[in-house]
Amino acid sequence: PPAKFLLPEVTVLDYGKKCVVIDLDETLVHSSFKPISNADFIVPVEIDGTIHQVYVLKRPHVDEFLQRMGQLFECVLFTASLAKYADPVADLLDRWGVFRARLFRESCVFHRGNYVKDLSRLGRELSKVIIVDNSPASYIFHPENAVPVQSWFDDMTDTELLDLIPFFEGLSREDDVYSVLHRLCSR
């Protein structure tokens, strides 16, 4: 039989809300093995029997963005990173329990050298699914579901997440995300 869906059934809390799939690295945070003096978090990660410190910098306005998204949508963290890194980062980042589920590399499809997030495997109606990601390769199967964001590394004046909030407030009221997102896609 085909593998069941990646997500559990929608909870009562999220019934009727659209599902927003949010990427982690270079979308919400930037992480480095090199020390970052102003790191928000330092996460120990074991690689091949050795503990490495990962320095994590939060994108400006990520807190406001996540809190608002959690009010408007069923939010899912979906990253091509490994759980042993991304899980502790998500624990520190998501203090409000915004992410209803977390999906990691093993939930991606490896396609032409890239880890692709196949939204059809989520178990949600695609006309009500949005992906927020800095990497177009991640949503190559579903470009019309994407809200692209610029890759973020260390620009502390960046306001993209803040600027997106009104857009998502509007999108949350639409019946069908395609009516809005295909215009983004065709730009």
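Just so you know, glycine gets a Cβ as well, placed from its N, Cα and C.
In TrEMBL this protein carries:
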- 13-171: domain 'FCP1 homology' (DOMAIN)
- Asp23: active site, 4-aspartylphosphate intermediate (ACT_SITE)
- Asp25: active site, proton donor (ACT_SITE)
- Thr79: site 'Transition state stabilizer' (SITE)
- Lys117: site 'Transition state stabilizer' (SITE)
Inter-residue C-alpha distance, Asp23 (active site, 4-aspartylphosphate intermediate) and Thr79 (site 'Transition state stabilizer') (nearest angstrom): 5
Model confidence over the domain 'FCP1 homology' (13-171), averaged pLDDT: 97
Cα-Cα distance linking Thr79 (site 'Transition state stabilizer') and Lys117 (site 'Transition state stabilizer'), given in Å to the nearest integer: 8
